Structure formats: structure tokens, C-alpha cells
Amino acid sequence: MQNAGSLVVLGSINADHILNLQSFPTPGETVTGNHYQVAFGGKGANQAVAAGRSGANIAFIACTGDDSIGESVRQQLATDNIDITPVSVIKGESTGVALIFVNGEGENVIGIHAGANAALSPALVEAQRERIANASALLMQLESPLESVMAAAKIAHQNKTIVALNPAPARELPDELLALVDIITPNETEAEKLTGIRVENDEDAAKAAQVLHEKGIRTVLITLGSRGVWASVNGEGQRVPGFRVQAVDTIAAGDTFNGALITALLEEKPLPEAIRFAHAAAAIAVTRKGAQPSVPWREEIDAFLDRQR
């Protein structure tokens, strides 16, 4: 593993409260669950953990509450090779929470309270201007306030820091933001939201990628689930297949892919090789339960790839 440029991740931190039960309660009904766990999540934190465990030189800009969960999350992130200096503790606020019910068929219903995530303001981003300006890449998602994502993208763009955006959860985005993005990684749903093109095959993916190229984005990677990734650089596209594994839990597959992908690109791996590295990380993650507990370490990814040769 060669020395690589530095990465800044900006995003969300949640505590996931997960209750498994046979069937969802109807209004007014109380249902007994069969398994409960608290796991750390949030798209930003998941991607930061994936990058840290993949070997990136990474700092994380985020917010937690001044509660015990926030303290536990910060301690855990520090053990994942992440510089948590830019993680702000918001007085009087709770750490972000996701309440997740999972039924016997594996379906889920989720309610989220942003908590301290909503306090990740443009002012807090501005306080990290030098860190963003000096980084090789900035990786963001859409669980943070959009004005803060925009502020960080502007700083990065002005200083030739690569801007990578995972546009999740799916939403429409202003062209002003998209014009600042160098690498975008939507799934099919997110690509349709951004382009108006339903992505059902490689031809659709190529059309959607072209729309995003026309908005100023050089590298478009549309994730296609088990079919892999449609990778398009300035209109030159190809599908890079993933690995076949027996999936147990796909909760953090996309986040693992994104964190590992940017790590590999910062090591100057060619794009197809970086995607293959990210596919390997995600393939390992889906064979394990939970969000961050499923994210593999670099040694595991390298060993997985060695077995595929």
C-alpha cells in the first residue's frame, strides 16, 4: 500500500436503534421484538470508517451531541484510524438517531432524528477551510444541511481539492452544486432523481451519465447493485462487474464502496482497479450484519482480491 493523499469526509453520525420483530405493529398495537441492538451509523460516519479501515489518511467533519452516545461514537471513530479533531460536540443537542424496525421478511421501516447533524453549519465548514483546502479529496453525502455541502464544495473547488459526492439520500440538486463535483456515485434511484432517466440497463446508465457530464461532472459512477457499476469518464463508459457473494445484510454496502473507492483513487490506482477494490470491500461488508461492524479492514480486502486472481 503506497502513501496516498489526504481525505476529508464531511457527513452525518447516527446511533442506529434496531429492533427485529416478526411483523410491524399497527397503530395502537404493541409488538414484542426478538432482537435489539444499538449500532453506529450515518452515511458520513460509515464512509469515513470504510476509508479509515481501507488505509486512507482521513479526517472527519461532523457533529455529535453532548451525550453518552456521542462520546462512544467519537471513541469508536478514533479506533478506526480517523482524525476526529473536526468532529464538533453540540451543547444541549442529542446525537443523531435512527429508529429501525426490521420484520421477519427483512423489510424495514425507519424514522430519523437529525439531532446534532442539523448543526453542521456553513460556519463550522468555514472553520475547517484550511483542512479542506489542503486535502487531496473531499467526500460528502446528503444527510448534512445542503448549504454546508455547498460551502465545503466551493472551498474544495477553489483549492483544486477533488470533490466526490455520494448523492444519498436521493433528492434533486441545484446545478450550482453539481458543477463543483468531480466524482459522483449515485445508485439507480439517485441517478433517476438527478437526471430524469430511469436506469434499468447499461444504455440507460450511459444516458444518465451523459446528463451528469453535461452538468460539469467528469467522472460518473452509477452503482447497479449486483450488476456492478457503470463507470463513465467524459462520456467514455464501461460496466465494471462486482463479486458474487451470499448477502446477509446490505445496510452499509454503498457506504463501504464509496469510502474504499476514494481511498484507492488517492493511491493513484486506475479507475477500473479502484472500482474493483471498492467492490471487494462492499462484497465483504454484505456478508456481515450491521453498518460499521460489517466494514472490512485493508488486510481483509487485499486477501479477498488475492483469492479472486
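Count begins at 1; order follows the chain as displayed.
Each Cβ is built from the backbone N, Cα and C atoms, and glycine gets one as well.
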Checklist entry - In Swiss-Prot, Asn187, Thr223, Leu224, Gly225, Ser226, Arg227, Gly228, Gly254, Asp255 are given as binding ATP, so which of His157, His279 is in that site too? => result His279
Checklist entry - Swiss-Prot has Asn14, Ala15, Asp16, Gly42, Lys43, Gly44, Ala45, Asn46, Asp255 binding substrate. Which one of Glu143, Glu147 is in the same site? => result Glu143
Checklist entry - Using an 8 Å cut-off from the Cβ centroid of Asp249, Ile251, Ala285, Arg288, Gly290, Ser294, can you name the remaining same-chain residues around the K(+) site, in sequence order? => result Val248, Thr250, Ala252, Ala253, Val286, Thr287, Lys289, Ala291, Pro293, Val295
Next on the checklist: On a C-alpha basis, identify the one among Asp16, Ala45, Asn187 that is nearest to Ile251 (K(+) binding site); the candidates are the binding-site residues.
Outcome noted: Asp16
Checklist entry - Long-range same-chain neighbours of Lys43 (substrate binding site), Cβ under 8 Å, sequence gap at least 6? => result Gly11, Ser12, Gln141, Leu142, Glu143, Asn166, Ala168, Asp255
Next on the checklist: Whole-number answer please: how many Å between the C-alpha atoms of Leu224 (ATP binding site) and Ala45 (substrate binding site)?
Outcome noted: 23
Next on the checklist: Quick check: which same-chain residues outside Asn14, Ala15, Asp16, Gly42, Lys43, Gly44, Ala45, Asn46, Glu143, Asp255 lie with their CB within 8 A of the centre of the substrate site CB atoms?
Outcome noted: Gly11, Ser12, Ile13, Phe40, Gly41, Gly96, Ala98, Ala291
Checklist entry - On the Cα atoms of Asn14, Ala15, Asp16, Gly42, Lys43, Gly44, Ala45, Asn46, Glu143, Asp255, which are listed as binding substrate, what is the maximum pairwise distance in Å? => result 16
Checklist outcome for this item: One of the binding-site residues Asn187, Ser226, Gly228, Gly290 has its Cα closest to the Cα of Asp16 (substrate binding site), namely Gly290
